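Step one of this worksheet: look at the structure below.
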Amino acid sequence: MLDSLFCLLIGKSYQCPMENYTQTSTDFILLGLFPLTRIGLFFFIVIIIIFLMALFGNLSMILLIFLDTHLHTPMYFLLSQLSLIDLNYISTIVPKMASDYLSGNKSISFIGCGVQSFFFLTLAGAEALLLISMAYDRYMAICFPLHYPIRMSKKVCVLMITGSWIMDLVNSCAHTLYDFHIPYCRSRTINHFFCDVPTMLTLACMDTWVYEYTVFVSTILFLVFPFIGTACSYGRVLFTICHMRSTEGKKKAYSTCSSHLTVVTLYFGPFVYTYLRPRPFRSPTEDKVLAVFYTILTPVLNPIIYSLRNKEVMGALRRVIQRFCSVNM
């Protein structure tokens, strides 16, 4: 199981076994993110640390928002949904990648690849639509504070979340079903660290230009339009902030918006750039590096940005800790 890792630690004096790429006729091979070298091992350990931080941070945010009644507001309800998505999002990618790296067996079954692709597409789209919902929430709270309780009620939040999940499930089901009805050639080596649709299309034994057009349309609908909507919302918010008289209110609103914009930029930028490029301009190495931003880095940055820079969250953390300490005493 750990032969490949053992080879890296003891160096060249040991005759390491070659990686086993033996596969059945229906298996795919994921080449992974890092080479089997000491530098690759270092970056692998970094990714594992980031993964554990993402699990702890997002799970902590979900529990904190659930336990503290002061955070039972639309903004933090949406934030808890974001943490839930990120928790599942990164868990869809990293455990399989880590298992492949440690075992040296990089094969993934046909069904396993389909399941991973389905969850990736569903969670990626859900996060994109949730980010625009959060931008709309801040837009209403800052630009129309008197209408905020009506426009962003609990019922409205639930409808926004439910609608996002339904649209993403339909989209991901359509893409997954089509992807796994495409005839693939003898070579089933996917030059990526997960089953990504654009990379898999390069292995098809048929002309896929029609389907690539549908991928382009889906990218526009689920990434570009939400990004434009989010940018417009924050543009309007920043315009309103500039005309605020209260210095404290201006600072608080600006801090919140800058946090959101950081997440939006790191998520949408690499994602849109990757999926909208024509196949001749694609680079497997570049695709994998860009994918790290929206599959691994964004899930760990969300709880850090929203908790460490948010006084309400830190205050809720102190209240929860005090409550548990008083119960134990």
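Backbone N, Cα and C define each Cβ position, glycine as well.
Source: prediction; values computed, not measured.
Residues or ranges marked as transmembrane segment by TrEMBL: 39-67 (among others).
Taken from TrEMBL, the feature domain 'G-protein coupled receptors family 1 profile' covers 57-306.
Beyond the ends of the transmembrane segment (74-94), by six or more residues, the same chain brings 47-48, 51, 54-55, 57-59, 61-62, 65-66, 116, 119-120, 123-124, 126-127, 130-131, 133-134, 137-138, 141, 152-154, 156-157, 160-161, 193-194, 295-296, 298-300, 302-303, 306 to within a C-beta distance below 8 angstroms of the stretch. If you look up TrEMBL, you'll see 74-94 (among others) marked as transmembrane segment.
Summarising the annotation, TrEMBL assigns transmembrane segment to 114-136 (among others).
The annotation transmembrane segment is assigned in TrEMBL to 156-178 (among others). Long-range contacts of the transmembrane segment (156-178) within its own chain (CB-CB distance under 8 A, at least 6 residues past either end) are made by residues 74, 77-78, 81, 114, 117-119, 121-123, 125-126, 129-130, 133, 197, 211, 214-215, 218, 221-222.
Among the features that TrEMBL reports, transmembrane segment is placed at 210-232 (among others).
Residues or ranges marked as transmembrane segment by TrEMBL: 253-276 (among others).
Long-range contacts of the transmembrane segment (288-308) within the same chain, counting only residues at least 6 positions beyond its ends with a Cβ under 8 Å from a Cβ of the stretch, are 33, 47, 50-51, 53-54, 57-58, 60-61, 79, 82-83, 86-87, 89-90, 93-94, 120, 124, 127, 191-194, 196, 259, 262-263, 266-267, 269-271, 273-274, 314, 317. Look at TrEMBL and you will find 288-308 (among others) tagged as transmembrane segment.
The list of residues near the transmembrane segment (39-67) in space but at least 6 beyond its ends in sequence, with Cβ under 8 angstroms from a Cβ of it, reads 5, 8-9, 33, 76-77, 79-80, 83-84, 86-87, 90-91, 94, 97-98, 101, 296-297, 299-300, 302-304, 306-307, 313, 316-317, 320. Note on the transmembrane segment (210-232): residues 124-125, 128-129, 131-132, 135-136, 167-168, 171, 175, 178, 182, 197-198, 201, 264, 268, 271-272, 275-276, 279 of its chain, located 6 or more positions outside it, place their CB under 8 angstroms from a CB of the stretch.
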